[in-house]
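Student: Pasting a structure here, questions to come.
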Amino acid sequence: MVKPKYQRVVLKLSGEALAGEDGFGIKPPVIKEIVQEIKEVHELGIEMAIVVGGGNIWRGQIGAQMGMERAQADYMGMLATVMNALALQDTLENLGVPTRVQTSIEMRQIAEPYIRRRAERHLEKGRVVIFAGGTGNPYFSTDTTAALRAAEVDADVILMAKNNVDGVYSADPRVDETATKFEELTHLDVISKGLQVMDSTASSLSMDNDIPLVVFNLNEAGNIRRAILGENIGTTVRGK
């Protein structure tokens with residue numbers, strides 16, 4: 001059996017990934033497909049944490065554009081990520097995968113508060129840890145949350161799962177036929193070229209902490225496992 005390239009990973013899932021083709025709401029059959037792949041990876045002995053977005057329910061930026069106070073709109077987005085985290089937890093545990101949800105905003109009746117050392121112990125014990133609530137602060141994206149949590153738990157890599165996009169391109173391949181795919185980049189390349197991989201705060205944090213990123217197509221079955229095994233899929237963004 002091929003030895004995995006990465007042992008402790010942070011998987012970044014967008015909220016839209018849980019919504020399927022509709023792009024809105026939570027679709028249990030779609031979640032089950034994703035979770036089945038996570039289970040296969042878990043059975044390899046991989047320590048996995050998940051950061052999930054909330055864009056399938058609410059986006060703080062859009063709320064702000066419609067006249068809401070930005071901080072208030074962002075807090076609503078953080079609560080949306082908790083709903084997604086609970087949906088993931090329910091499906092994972094139904095498939096026999098031990099799971100803990102940790103939130104950056106305390107809501108003890110439904111999840112643990114985020115405590116770094118406790119999160120690390122859960123990972124060591126083979127539990128999948130789902131980080132919800134973003135960073136707990138407005139104005140920060142869940143991409144930044146992924147970079148922050150990856151640094152805090154000393155993850156080997158961030159797996160950036162994209163919907164129907166198989167890597168990083170010079171432009172959006174869905175609208176620009178001349179867009180070219182990058183096989184490998186650095187976080188500095190991403191920032192200097194203005195590539196839409198993750199926001200600049202997340203890229204800077206990943207660069208400063210030398211955390212690599214693998215950007216791949218979530219919609220192709222088996223890609224989470226392939227990324228962890230180190231197969232040549234998507235785009236690898238090196239830490240330095």
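Cβ coordinates come from backbone N, Cα and C, glycine included.
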Student: Checking feature assignment: region 'Involved in allosteric activation by GTP' per Swiss-Prot, candidates 20-25, 38-43, 134-139, 230-235. Which range matches?
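Tutor: In Swiss-Prot, residues 20-25 carry the label region 'Involved in allosteric activation by GTP'.
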Student: Select one of Gly54, Gly96, Gly126: the residue that Swiss-Prot places in the UMP site alongside Asp74, Thr135, Gly136, Asn137, Pro138, Tyr139, Phe140, Ser141, Thr142.
Tutor: Gly54
Student: Figure out which of Asn94, Asn163 sits with Lys12, Leu13, Ser14, Gly15, Gly55, Arg59, Tyr169, Asp172 in the ATP site per Swiss-Prot.
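Tutor: So the ATP site in Swiss-Prot includes Lys12, Leu13, Ser14, Gly15, Gly55, Arg59, Tyr169, Asp172 plus, from the candidates Asn94, Asn163, Asn163.
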Student: Any same-chain residues 6+ apart from Asp172 (ATP binding site) with CB under 8 Å of its CB? Would you list them in sequence order, or say none?
Tutor: Ala179, Gln196
Student: Given the binding-site residues Gly54, Asn137, Tyr139, Ser141, find the one whose Cα is closest in space to the Cα of Ser14 (ATP binding site).
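Tutor: Checking each of Gly54, Asn137, Tyr139, Ser141 against Ser14 (ATP binding site), the shortest Cα distance is to Gly54.
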Student: Starting from the Cβ centroid of Gly54, Asp74, Thr135, Gly136, Asn137, Pro138, Tyr139, Phe140, Ser141, Thr142, which together make up the recorded UMP site, report each further residue of the same chain whose Cβ lies within 8 Å of that point, ordered by sequence.
Tutor: Gly60, Gly77, Met78, Gly134, Thr144, Thr145
Student: Counting only residues 6 or more past its boundaries, what in the same chain has a CB within less than 8 Å of a CB in the region 'Involved in allosteric activation by GTP' (20-25)?
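Tutor: Residues packing against the region 'Involved in allosteric activation by GTP' (20-25) from afar: 56-57.
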